Structures are given as structure tokens and as C-alpha cells.
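Here TrEMBL flags 29-53, 60-81, 101-123, 143-167, 200-229, 241-264, 276-295 as transmembrane segment. Annotation comment: TrEMBL describes 44-293 as domain 'G-protein coupled receptors family 1 profile'.
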Amino acid sequence: MLHIDNRNETGITKFLFLGLGNPIELQPFLFLLFLVIYLVTSIGNIIIIILVAANQHLHIPMYFFLGNLSCVEIFYSSTILPKMLADLLGGDRTITVRNCLFQYYLFGSCVGVETFLLAAMSYDRYLAICRPLFYTSLMNKEICFQLIAVAWINGFMANSIIVFLIAQFSFCGPNVIDHYFCDLSPLKKLSCSDPSLFELIVLLLSFIFTIAPFFLTFSSYICIIGSIIKIQSIIGRRKAFSTCSSHLMVVCLFYSTLIIVYILPDTPTLRHLNKIFSIFYTILTPLANPLIYTLRNKEVHQALRRTVDKLRTFFEGS
Ligand SMILES: *[C@@H]1O[C@H](CO)[C@@H](O)[C@H](O)[C@H]1NC(C)=O
């Protein structure tokens, strides 16, 4: 059983982030860098949401998924970056245990929603490319809506369980988190409760909520690439590939860094590397998504141009 005792009350109430472990001279530079990243991420994702909402011809499952993904990514970077920016600016680098759990809850849930949305998006591309005759019967607005609802509910539900379990932990010191946000493994390391049952439950939940969507995504892409290779004409092949290449890039970036972070063994030298890869999936994935889609995807590109034109005529006319 989980070891519950009342040391919690006399124990630690605040954690201290060590942050990126950068030299202090670099702090203003890193502050500016991450501020720019945060602004570009938020604006880029807001633009995608507006484009999807404002353009009738983007009202199809693929872009509903994309709009929801952008939504998650705004939340996602907002759970980590504002606190990190405040710390870089010379904030006190502490976080109460409660806020730390809350940060993990929001962050972990967004990662969960993201893995499900990426899986749903790959399934959508799989149907469009490998089962085109059944596409309209297997993927319509209603099914799309259900898949999106499942993604949000699952992401938040899995992490409610995890956070409920961590909240039972006692933290008796040290209270230093060698990271720039509250992730699960540094938190678990700081607790003095017996983590064995917790670890078992986390393993089970991550199997259901991360590894299953990962395999769904992975196998969809194997089928997609298999059928694209079979297309005879080069133009046809390029056309089929162009509808899923943006998404494939986002998937690869997200999963490769996520896997590196959670598979790297936790030794002091590798911990630094671990933080750098955490930056990739916590900070750069939400940034990359709008960039990849607005720059590479023709439909989004055209929608962007049309919306800008509309705005221009509106302002010139008034
Ligand atoms: C998210 O998905 C729902 C359900 O399909 C859709 O109605 C909504 O517009 C999407 N949200 C965004 C921001 O695109």
C-alpha cells in the first residue's frame, strides 16, 4: 500500500527549481530567447485556431484535429514557460508543493491529450490514404468529435489518477528539483514514501495512455508509407505524401524527444542532456507545429493568404 503518514504537515511545503543549470550571465539571453519562443508559439497557434474557425473549407476532420492540437499546445507551453521565464528573470525559483502538483497535472494532461490527438490524426490520414473508399463512412464530423472528446477526457483522467497518488506522498527533504518544471520523475525522487505501488500504476497507465496511442500512430504510418510506395505515378505519390508529411514531421519530433527523455538513464552527466531534450518536447514541439503547418501545408497556406487578403481589403476599404 501507499505509505501515508502525517509527516506531510511538518515536511516540505515548497520546492526549489535548479532550472537549466546555465551560468548566470546567460540568464538575460535565455530569458529573451524563451520569451520570443513563447510569443511565437502562442501567436502561431492562435493563428491556426482562427484560420480553422474562419475558413469553411477547413471544416473537415483533419483541421478540427489540428485546431484542437493548437489549443493543447497553447495550454501546454503556458504551464511551463511563464514560470520558467519568471525564474530566469530572477524570480525566487520556488514553487509550493500544491502548485507543483498542479503544474504537473496540467502539463501531463496536455501531453496525454496530445498523444491521443496525434494518434487520431494519423488514423484520419490512414483512412484517407489507405482506405479512401471508406473514408466518408469511417470518418465524419461526429466520429471526429467523439475522437477529440475521448482525447481530452483520457488525457485529463489518466493524470488525475497519477496526481491523486502523488498527493498522498510525503516529501521530507531535500526539496531541490534539478529541472525547470515539475516533471514526474524528479518529484518521485524527492518523496520519502514507498513508490512501488505508484510505479506499477504509472506503468499501467502509461501503457494504456501513451504506448497504445504511440503504436496506433506508428502502425498507421507504416500502412500509409506502404501504400504511398505502391502508387505508380510520381505525381500521385507526391500528392499523397504532401497530405501527411506535415503531420509526420510533428509526430516524429514529439515522439523522438519524448522517448529520449524517458529512456535516458538518470545519471548526473546525462541529466543535463535530459533537460536539453526536455526543452525539445516541452517547448519546441508546440512551436514547431504551427510553423510546420503554416509553412508546409498548402491548404493552410492558402487559407492564411485569403484571410490576410480579406483583412487588407477590409482595412483599405474602411
Ligand atoms: C476541436 O474539435 C471540435 C470537435 O470536432 C471542433 O468543433 C472545434 O472547432 C475544434 N477546435 C478548434 C480550435 O479547432
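Each residue, glycine too, has its Cβ placed from N, Cα and C.
At the 8 Å Cβ cutoff, the transmembrane segment (60-81) and the transmembrane segment (143-167) share at least 3 close pairs (sequence separation 6 or more) and count as touching.
Between the transmembrane segment (200-229) and the transmembrane segment (29-53), fewer than three CB pairs separated by 6 or more residues in sequence fall under 8 Å, so the two stretches do not touch. Here the transmembrane segment (241-264) has Cβ contacts under 8 Å with residues 111, 114, 118, 121-122, 125, 128-129, 214, 217, 221, 224, 228, 270, 273-274, 277-278, 280-281, 284-285, 288-289, 292-293, 296-298 of the same chain, all six or more residues outside its ends. Residues 62, 65-66, 68-69, 72-73, 75-76, 79-80, 83, 95, 139, 144, 147-148, 150-152, 154-156, 158-160, 162-163, 166-167, 181-184, 187, 209-210, 213-214, 216-217, 220-221, 224, 247, 250-251, 254, 258, 282 of the same chain sit 6 or more residues outside the transmembrane segment (101-123) yet have a Cβ under 8 Å from a Cβ within it.
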